[in-house]
């Protein structure tokens, strides 16, 4: 009953979390224990502290800090185990129905849509990255960073559009497509990823770049802008908030917490890779074509585009293991400078039909941008630069012209 008593005390003491956790525990019985743990986290921190949690936020001394971190780890482990059981059962049932064909790897030929591009490599300090370029080498650098589960081709509409004025470079991040794939999980930490961006810009002969990013590429771009602001001429992030704003949202919003289920699932070993690869990489089709979360304009994601994705995840030693390792580092990442104001001109483009991220985190991001602008694209999905390329390109053009 002590557990119940603490839970009730938390309900009374932390009213701003009441609606969130009551909804969690009452309407979603499977998450009752998660609701309890969330309230333990609330109990260990002052009402008006900033998020994410830090030593400076905690009003009750080091014991409260360590208790909070201990309970947080329990929460992550519980969710990790819950999704391990859930998706292991799904894979078992799938295997019972389809047998070995569920995990059969198909031989694929390179799709025509990947032909005719200027494909290059750059050797960095630790890895060799692949990139595709449009525009000439003597123009200002516009660097494109893709998200998950993507590769350079997700910027195909932008590579063509901006080639007349810029040297457009779309990289395959480490672990993707034709780039190197280090084996260890630690090789995919945020510090390693931001180091790659620094090395790419310098390796191409520049001291700064216009950085355009989406999803996980955006997380890398935000962190890069914090660590190396002098190397970011302008920053454009598509459907990705600042990490500090995202953490605020996931701690205080059941909507975002629920949408982020896969982050906990990806903490497991092997099962996520097996699920993503199963049934001829059905997961990719769901990501980009499902009504709720996929690209809304079907003409912008053809059957051949889908085949290009499957090709990139099946050739050259590619595996879902390496991109998923990004997520396996996410709970160990150092705390971002949530209150650091970024000085460079920054544009956030947001598709309002994003099934993975709440727009409120993007709006909150503007509070820490000195020259921040946000443009909403109504009805566009999380994959906004592919869903509405004409509108995205127009917003980027106006933004670049404004800050010439």
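Each Cβ is built from the backbone N, Cα and C atoms, and glycine gets one as well.
As annotated by Swiss-Prot, active site, nucleophile applies to 215, with the evidence given as similarity to another entry. Residues near residue 215 (active site, nucleophile) in space but far in sequence (CB under 8 A, at least 6 apart, same chain), listed by position: 146, 147, 148, 150, 238, 239, 240, 382.
In the three-state DSSP classification, residue 327 (active site, proton donor) falls within a helix. Note: residue 327 (active site, proton donor) has non-local neighbours 148, 262, 263, 266, 267, i.e. same-chain residues 6+ apart with C-beta under 8 A of its own C-beta. Among the features that Swiss-Prot reports, active site, proton donor is placed at 327.
There are 24 other Cβ atoms within 10 Å of the Cβ belonging to residue 382 (active site, proton acceptor). Following the DSSP three-state reduction, the secondary structure of residue 382 (active site, proton acceptor) is coil. Swiss-Prot lists 382 with the feature active site, proton acceptor.
Positions annotated as domain 'AB hydrolase-1' by Swiss-Prot, on the basis of sequence analysis: 140-389.
Residues or ranges marked as transmembrane segment by Swiss-Prot on the basis of sequence analysis: 74-96.
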Can you give the mean pLDDT for the domain 'AB hydrolase-1' (140-389), rounded to a whole number?
96
